[in-house]
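Asker: Dropping a structure here in structure tokens format, bear with me for questions.
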């Protein structure tokens, strides 16, 4: 390893003063994940390739859903459309082959005392839809791959986080992580609403109980934030101060979200839409940035006290809160089994309505993003992940809503049986058939895998001179790293272990 002080400075310079790339290129790169799911779906729906789940099936699952994403940000970073074509071509070929008939599974004898539990069972009011698993799994994999890959020269600088203004893959990734968290946070709200508990208690008691519940989620994340802070300072690890500040890190952002979301959940009694709350927060924040000295403070203030030292993390939190609320609003219509409670519409009609609503919201968020950034017809604002301003919020939400739509369309085409299931057992079997084991594993312990990815990233950076690594060495390290993360995730899933942080 080179001289420690100079090498640390080189590492910091390597991720500093970057301006990002185009939104179009980011869309081409991220579409690889959806196209890989398309190929996986064709293999499974037409050939039942992943049943039984053999070592070969796992290898192909890993190569498609992790390997393709890794290639898209490294060796194929300059030609993502070619990589998409290389995935689409075999998908078309497999689709044209005669489908393989699924051999009926031999049912095991069920003890008499277990038959009542094993029998079909009623469908839950909330479902775990395959496209949500694929969406969240892809987001987690891209995030985990990028946080280590960014330290190597093979990873394009235009994909790394920008200094102040601009768009990049990693800027999108951090916002997507928060959006995804908001998406699943809609589940307890929906269950509370469905069971009639939403208005059972007074506002004050409701808020206090929600705040207490939120602390159960916040405290572990805040502890992780302090551990990361102490580790970075204690090990003299390279850090990009203008990303979040001197002491702040992403775990603090995640940790402070639950109590604020609990407050806004009570405000929802007055404004019954998380999307409206998201826009209210985002627009108010942007107005303050434009009409006061807040923007200058966040970007240029001297770091003289605790707040100014962490000004990026503190004020960007407002933007991330808006993203979380928008994700929660999306979850309110993509998670429920029926968009209208007690609806008598057929499963096909419900499914088509979901696609239409998702498409409409994708159009709304995209239109608002264009309005905020267009110089001729809009406000001409620039995206800034550093401040998490309104254009950044709208970009992240628009991208993720459209990405969700893409995964939902793939689901609809290849796995309609899930939506037609009449009982819980049949639905669970259809869900398992329609989802990748790798994706399910990443979903199940997403935050734990993300934490492990951070630990392994630190380990690699402390033991390997990443700046001088050759392309072959880089790919070797990234493949081993990705395989290790995936192996741990799948092993935890195989042993039915869920780590909740």
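Cβ atoms here come from the backbone N, Cα and C positions, even for glycine.
These came from Swiss-Prot, pasted as-is:
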type     : residues : note
CARBOHYD : 17       : N-linked glycosylation site
CARBOHYD : 117      : N-linked glycosylation site
CARBOHYD : 496      : N-linked glycosylation site
REGION   : 101-121  : region 'Disordered'
TRANSMEM : 23-43    : transmembrane segment
TRANSMEM : 55-75    : transmembrane segment
TRANSMEM : 79-99    : transmembrane segment
TRANSMEM : 165-185  : transmembrane segment
TRANSMEM : 218-238  : transmembrane segment
TRANSMEM : 244-264  : transmembrane segment
TRANSMEM : 270-290  : transmembrane segment
TRANSMEM : 314-334  : transmembrane segment
TRANSMEM : 363-383  : transmembrane segment
TRANSMEM : 390-410  : transmembrane segment
TRANSMEM : 447-467  : transmembrane segment
TRANSMEM : 472-492  : transmembrane segment
Asker: Among all protein chains shown, how many Cβ atoms are found within 10 Å of the Cβ of residue 496 (N-linked glycosylation site), not counting that one?
Answerer: 7
Asker: Where else in the chain does the transmembrane segment (79-99) make close Cβ contacts, counting only residues six or more beyond its ends and a cut-off under 8 Å?
Answerer: 25, 28-29, 31-32, 35-36, 38-39, 42-43, 45-47, 64, 68, 71-72
Asker: Name the residues of the same chain, 6+ apart in sequence, whose Cβ is under 8 Å from the Cβ of residue 17 (N-linked glycosylation site)?
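Answerer: Non-local contacts for residue 17 (N-linked glycosylation site): 163.
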Asker: Considering pairs 6 or more residues apart, do the transmembrane segment (244-264) and the transmembrane segment (363-383) have at least three CB pairs under 8 Å?
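Answerer: Stretch pair does not touch.
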Asker: Mark yes when the transmembrane segment (165-185) and the transmembrane segment (270-290) have three or more Cβ pairs under 8 Å (sequence separation 6 or more) and no when they do not.
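Answerer: Since fewer than 3 Cβ pairs under 8 Å link them, the transmembrane segment (270-290) and the transmembrane segment (165-185) do not come into contact.
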Asker: Looking only at residues six or more beyond either end of the transmembrane segment (165-185), which have a C-beta under 8 A from one in the stretch?
Answerer: 18-23, 26, 29-30, 73, 132, 135-136, 139-140, 142-143, 146, 150, 158-159, 250, 253-254, 257, 261, 320, 323-328, 330-331, 334-335, 382-385, 388, 392-393, 395-397, 399-400, 450
Asker: Between the stretches 23-43, 390-410, 447-467, 472-492, which one has more Cβ pairs under 8 Å with the transmembrane segment (314-334) than any other?
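Answerer: The listed stretch sharing the most Cβ pairs with the transmembrane segment (314-334) is 390-410.
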Asker: Which sequence positions outside the transmembrane segment (472-492), separated from its termini by at least 6 residues, show Cβ-Cβ distances below 8 Å to it?
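Answerer: Residues 58, 62, 66-67, 70, 74-75, 141, 144-145, 148-149, 152-154, 437-438, 441-442, 444-445, 448-449, 452-453, 456, 460, 464, 466, 498-499.
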Asker: Which stretch from 218-238, 390-410, 447-467 shares the most C-beta pairs under 8 Å with the transmembrane segment (23-43)?
Answerer: 390-410
Asker: State the residues, same chain only, that lie 6 or more residues beyond the ends of the transmembrane segment (390-410) and have a CB under 8 A from a CB inside it; answer 'none' if no residue qualifies.
Answerer: 23, 27, 30-31, 34, 37-38, 41, 129, 131-132, 134-135, 138, 167, 171-172, 175-176, 178-180, 278, 282-283, 285-286, 319, 322-323, 326-327, 330, 334, 354-355, 358-359, 361-362, 365-366, 368-369, 372-373, 381-384
